[in-house]
Amino acid sequence: MKGTFLICLILIAGFYFRSIQGFYFKRIQGNICSEPKKVGRCRGSFPRFYFDSETGKCTPFIYGGCGGNGNNFETLHACRAICRA
């Protein structure tokens, strides 16, 4: 029981630190929150979020899967965390 708990705790910590590292990397790339929404040039259908600088809110959109820019977040939480919405 303790072993299972420890393994779960290690996995959760690993995912957490990996996501923090990703957030930090996006921040140092420049002000991605002011970039326009870009759906990309491919025909995929991936639900994503972008920061709309006119409304000051994270807004859902459908990403095509390639191209695009940094203002493209997999979750609403990630968009809000990076762009402080």
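Each residue, glycine too, has its Cβ placed from N, Cα and C.
Annotation comment: Swiss-Prot describes 1-22 as signal peptide, evidence class sequence analysis.
Swiss-Prot lists 33-83 with the feature domain 'BPTI/Kunitz inhibitor', giving sequence analysis as the kind of evidence. Helix, strand and coil content of the domain 'BPTI/Kunitz inhibitor' (33-83), in residues and according to DSSP, is 10 helix, 15 strand, 26 coil.
Annotated disulfide bond per Swiss-Prot: Cys33-Cys83 (among others), in sequence order, evidence recorded as similarity to another entry.
Summarising the annotation, Swiss-Prot assigns disulfide bond to Cys42-Cys66 (among others) and lists similarity to another entry as the type of evidence. A C-beta separation below 8 Å, combined with a sequence spacing of at least six in one chain, links Cys66 (disulfide bond) to Gly40, Arg41, Cys42, Gly44.
Residues annotated as disulfide bond in Swiss-Prot, with similarity to another entry given as evidence: Cys58-Cys79 (among others).
Packing around Glu74 (site 'Important for the stabilization when complexed with trypsin') is summarised by its Cβ count: 14 other Cβ atoms lie within 10 angstroms of its Cβ, all protein chains included. Residues or ranges marked as site 'Important for the stabilization when complexed with trypsin' by Swiss-Prot: Glu74.
If you measure from the Cα atom of Cys79 (disulfide bond) to that of Cys33 (disulfide bond), you get 9 Å. Neighbours of Cys42 (disulfide bond), defined as other CB atoms within 10 A of its CB across all chains, total 13. When the disulfide-bonded residues Cys33, Cys58, Cys83 are compared by Cα distance to Glu74 (site 'Important for the stabilization when complexed with trypsin'), the shortest distance belongs to Cys58. Looking at Cys58 (disulfide bond) and Cys33 (disulfide bond), their Cα atoms lie 10 Å from each other.
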